[in-house]
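Trainee: Sharing the feature lines straight out of TrEMBL:
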- 541-664: domain 'STAS' (DOMAIN)
- 141-158: transmembrane segment (TRANSMEM)
- 192-216: transmembrane segment (TRANSMEM)
- 273-289: transmembrane segment (TRANSMEM)
- 301-323: transmembrane segment (TRANSMEM)
- 343-368: transmembrane segment (TRANSMEM)
- 428-449: transmembrane segment (TRANSMEM)
- 455-473: transmembrane segment (TRANSMEM)
- 485-513: transmembrane segment (TRANSMEM)
- 548-568: transmembrane segment (TRANSMEM)
Amino acid sequence: MVVNNKVDSLSYDVEAPPAQVPTTPAVVSAPPTPRGEAPAMTTTAAVELHKVSVPERRSTAKALRQRLAEVFFPDDPLHQFKNQSSARRLVLALQYFFPIFHWGSDYSLRLLRSDVVSGLTIASLAIPQGISYAKLANLPPIIGLYSSFVPPLIYSLLGSSRDLAVGPVSIASLVMGSMLRQAVSPDQEPILYLQLAFTSTFFAGVFQASLGFLRLGFIVDFLSKATLTGFMGGAAIIVSLQQLKGLLGIVHFTSQMGFVQVMHSVFKHHDEWAWQTILMGVAFLAVLLTTRHISARNPKLFWVSAAAPLTSVIISTIISFVSKAHGISVIGDLPKGLNPPSANMLTFSGSYVGLALNTGIMTGILSLTEGIAVGRTFASINNYQVDGNKEMMAIGVMNMAGSCASCYVTTGSFSRSAVNYSAGCKTAVSNIVMASAVLVTLLFLMPLFHYTPNVILSAIIITAVIGLIDVRGAARLWKVDKLDFLACMAAFLGVLLVSVQMGLAIAVGISLFKILLQVTRPNMVVKGVVPGTASYRSMAQYREAMRVPSFLVVGVESAIYFANSMYLGERIMRFLREEDERAAKCNQCPVRCIILDMSAVAAIDTSGLDALAELKKVLEKRNIELVLANPVGSVTERLYNSVVGKTFGSDRVFFSVAEAVAAAPHKTQP
């Protein structure tokens, strides 16, 4: 007969069947069982006890080397160099640091056709977005085009993603603009502001490349998906509200970013609203949102939303030129030519260096998070892998070089990458094609943008950032994890009501608090045996699980560190008190043995070992045994290498919970 034990919900404490190793049989008779409880073991059932093995002893140097390799090199990037000749290693090294050498040897005319189509498609989106995002960062519009030329060329050499389309992005532009503007006015001190923007970009690149080179990419993961959802949503609304200046034609507008201040400024200067600007802005905004909706409903029509921004710029420029721009603000003259060098504008001394450093780190973290997330998203769709640390180095070098070529911080854009993927890109050559199109624009087409209305740039920005407001994602957070939803809303309201910097600080703070909460207050459960099996599962999850008389089985679902060792003891004593109260109320045997299921304890430190020893002493005074079950290798090694291991002895450390229950009944008789 086959017993089907259905899993009611996700379970994280599955026990593997014991291995067939030399064993010691133990014949046990179960004591009388109170009603509603499971017997300790079936009468006269023969239970084979397995010895808990200690991992092979390693030297300190070897253990440290293996641990460092696990922390910093989990993907073992050097495995491909093993057993290779010197010449082959040189080739592999070039392919590792310059992925273009890896796929370039197999490049064909068929791939080039696909990349040319996708490159020209994203160029039609990158040119108007570059100009718009530069204004969002309070920079001259031409800087946005410069930033869409040099960085994509560098990324095509160093980047490992085939689909990532590189250029300025809205959130990093907003953060840079808001942080720098608090100390320096871009209108009154434009040269100093530009110097700080380039210096911040350089610091962002150094920070990003250092994280990749030192294999510290996990630092970026401190921004959880929940907090990023709230931060991005709040920032998108702030960005959109800032565009009311251009959309309404307001001249005197607040430099603050808060929702209340922006709305106050909008209605305070209602006499500056220009009906011509409003009419043009609303009309083109409706067109852009409609094309976005069409492409979202039918992905095959991706080109509709991709071509809409550039088409809108062309049409609005013609209208503005014909009407001589009456009542409509225009971009004005833009310089022709390639990116001028800007290395001489980098400043590493003075009172504003701290501001540039802080801005660089903030924008560096945000751009890294967005770029790597976008790259991994499309890599999973196309079934290839993106090396996060190599991407960090590529994006970092790209920004360092860009800061010396009149570019500000850039990364992979989700909107452009989505268009790039939909257009059928095959390799990073699409970035080269896009940069070539921008080059042609810089050399020959800049005078055509003279009459481009500022209002159309505002409409393009609103259309681009509105997709960052993820209402469905927030609803899913509420359904799945209320704490994640709280973190999301805190970051959202922090950005919306206080400032972008405060919202980002709240996002990071909540992410760290959540980690600390999970570390210091690990999940602990009372377990019972599932009828028909020898498996012990959480009684809160498996309603059919039954208590074993005189035993309290506690599962710890976290590593045991100094930060949670005291909580461990307090929680177990509370479980014991509650179990004794329940037993007394039901006229049942009190607890005589506590079994600590350590199958989910991945690590333990000296404070954790001391806490177990102290807990054992406290329980012994109450004539209660404390035994350990199923410790993992690293925990077993530390246990037996310490005095605590001798305190427990091999007769109190068991292969599984079932074996601990089987071996201990004779010790638990009243």
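Going from the start of the chain as shown, residues are counted 1 onward.
For all residues, glycine too, the Cβ spot is worked out from N, Cα and C.
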Trainee: Can at least 3 Cβ pairs under 8 A be found between the transmembrane segment (141-158) and the transmembrane segment (428-449), with each pair 6 or more apart in sequence?
Mentor: yes
Trainee: Grab the same-chain neighbours of the transmembrane segment (301-323) for me: Cβ-Cβ under 8 Å, and only residues 6 or more beyond its ends, written as numbers and ranges.
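Mentor: Residues 121-122, 124-125, 127-129, 280, 284, 287-288, 291-292, 294-295, 330, 418-419, 422-423, 448-449, 451-453, 455-456, 459-460, 463.
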Trainee: When you scan the chain for residues with a C-beta under 8 Å from the transmembrane segment (192-216), skipping those not six or more beyond its ends, what do you find?
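Mentor: Same-chain contacts beyond the flanks: 72-73, 137-140, 143, 176, 180-181, 184-186, 342, 345-348, 352-353, 355-357, 359-361, 363-365, 367-368, 388-404, 406-409.
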Trainee: Which value does the mean pLDDT take for the domain 'STAS' (541-664) in this predicted structure?
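Mentor: Summing pLDDT over the domain 'STAS' (541-664) and dividing by its length gives 89.
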Trainee: Cβ under 8 Å to the transmembrane segment (428-449), counting only same-chain residues 6 or more beyond its ends: which ones?
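Mentor: Hits for the transmembrane segment (428-449): 99-100, 107, 111-112, 115-116, 118-120, 122-123, 126-127, 130-131, 141-142, 145-146, 148-150, 152-153, 155-156, 159, 161-162, 164-166, 313, 317, 331, 333-339, 420.
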Trainee: Sort the residues of the domain 'STAS' (541-664) into helix, strand and coil with DSSP and give the three counts.
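Mentor: Counting residues by DSSP class gives 61 helix, 21 strand, 42 coil.
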